[in-house]
Ligand code: UTP
Ligand code: MN
């Protein structure tokens with residue numbers, strides 16, 4: 001069944017991490033010999049900083065001895081540090097620099113040992129720490145639906161790092177910290193400038209202690225200890241690998257991991273595992289559907305669906321939604337909304353479209369879910385629940401000849417077609433604006449629209465409707481602009497919703 005070769009990208013991440021830390025480091029600064037004090041720093045952070053410094057050509061001694069020239073400590077309690085140093089019975093202690101970690105971070109940033117200044121020294125008695133001024137009022141909204149976020153991200157290093165931690169928390173079902181990092185990512189993505197120091201990030205909303213600590217490390221060293229650790233964690237790597245398969249969620253991935261499975265071939269050869277239809281297709285087309293879909297491919301699919309829809313119902317409405325509607329260059333799938341003005345007719349639309357795609361020989365997989373939508377069951381109080389419209393999750397065969405500029409394939413791959421994931425949803429026309437707003441995303445933008453509606457307006461918003469709890473009534477809308485207006489929000493264009 002799985003005739004196409006599957007080469008699982010196992011441990012790809014840890015290889016990348018190792019690449020930054022060469023095994024045989026070249027010594028660039030013979031005269032400087034560092035010693036990192038483990039106390040306060042902790043063992044794993046010390047070993048991370050040691051590797052980092054060695055990769056930059058510094059000599060780091062494992063043991064504190066008279067050869068050491070620079071002692072670096074994160075312990076700011078000078079009396080206890082000095083007491084400990086004196087107990088080490090070093091002849092050269094008087095000529096050693098006893099330095100605050102800031103000297104180390106400055107040196108890592110510069111890629112050379114910077115001159116020791118008095119601000120770096122941990123003296124035997126420390127001056128009183130000066131009080132920090134209160135932060136000025138924030139000007140960036142805490143809600144993504146009050147920010148304009150294009151596809152241009154000026155803080156990619158930071159957001160990539162935060163996303164690793166958010167994903168990791170999500171895989172461990174720790175919703176609180178996951179959401180905190182997702183919100184922080186979203187705020188950073190909205191900024192028209194790059195965060196270069198903690199001070200400039202001071203007034204931003206949604207940055208907690210934890211995200212600031214990670215940010216600080218990245219701004220200082222270019223790496224985050226916690227992120228590197230997560231990326232090289234076997235459980236994280238395996239769960240990311242397994243959930244990258246269509247039809248495999250965190251629960252299944254965790255189950256396989258706990259059975260001791262670590263690679264696709266182990267999963268596929270385990271006779272006790274019964275893959276469902278979706279997972280079978282996920283593995284079968286893994287190479288293709290884990291590869292990004294290009295804008296040109298999305299346009300080609302639009303023409304294909306458009307033709308199918310209009311053969312069925314001439315007055316049907318088809319709209320591209322999801323990431324491509326937000327102007328993204330690439331996506332993991334292509335999302336469409338289809339509907340017709342005739343009430344009830346939308347219910348038969350998707351099966352008819354799927355039929356036609358089957359006849360064309362391009363439907364490789366379909367999972368159709370009938371509508372469970374009933375206006376009488378609204379408003380829905382369950383936050384972030386799936387919507388009730390009829391929908392189908394498809395894998396289509398896309399011919400190269402249909403795509404302007406050709407398929408988005410790997411270098412050297414000259415196949416004439418590829419598999420692509422496509423989602424279709426068909427709400428009743430009367431619910432069109434809500435469905436379009438909900439399916440356009442981004443996920444974080446939607447979360448914040450709902451949170452804003454609930455917290456600031458006492459309203460309930462989902463993919464079906466907007467309900468005013470004060471007036472106890474549903475608010476009608478035929479366009480997205482109507483919905484923003486009901487919420488008292490400035491209209492945000494789709495390409496500004498990449499939160
Ligand atoms: P996607 O997962 O397709 O994300 O969901 P995307 O923004 O298009 O990004 P890529 O490029 O494909 O990765 C699109 C939107 O549809 C909503 C999601 O919340 C998201 O905002 N959606 C998806 C639903 O409302 N219901 C669903 O059942 C699925
Ligand atoms: Mn999508």
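Yeah, the Cβs are placed from backbone N, Cα and C, and that goes for glycine too.
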Listed co-binder of Mg(2+) (same site as 333, 335, source TrEMBL) among 254, 413, 423: 423
Entries of 333, 335, 423 (binding-site residues) sitting next to ligand 2, with Cβ under 6 Å as the cut-off: 333, 335
Cβ within 8 Å of the mean position of the Cβ atoms of 333, 335, 423: remaining residues of the chain near Mg(2+): 321, 322, 331, 334, 336, 393, 421, 422, 424
Most crowded position, judged by CB atoms within 10 A, among 333, 335, 423 as binding-site residues: 335
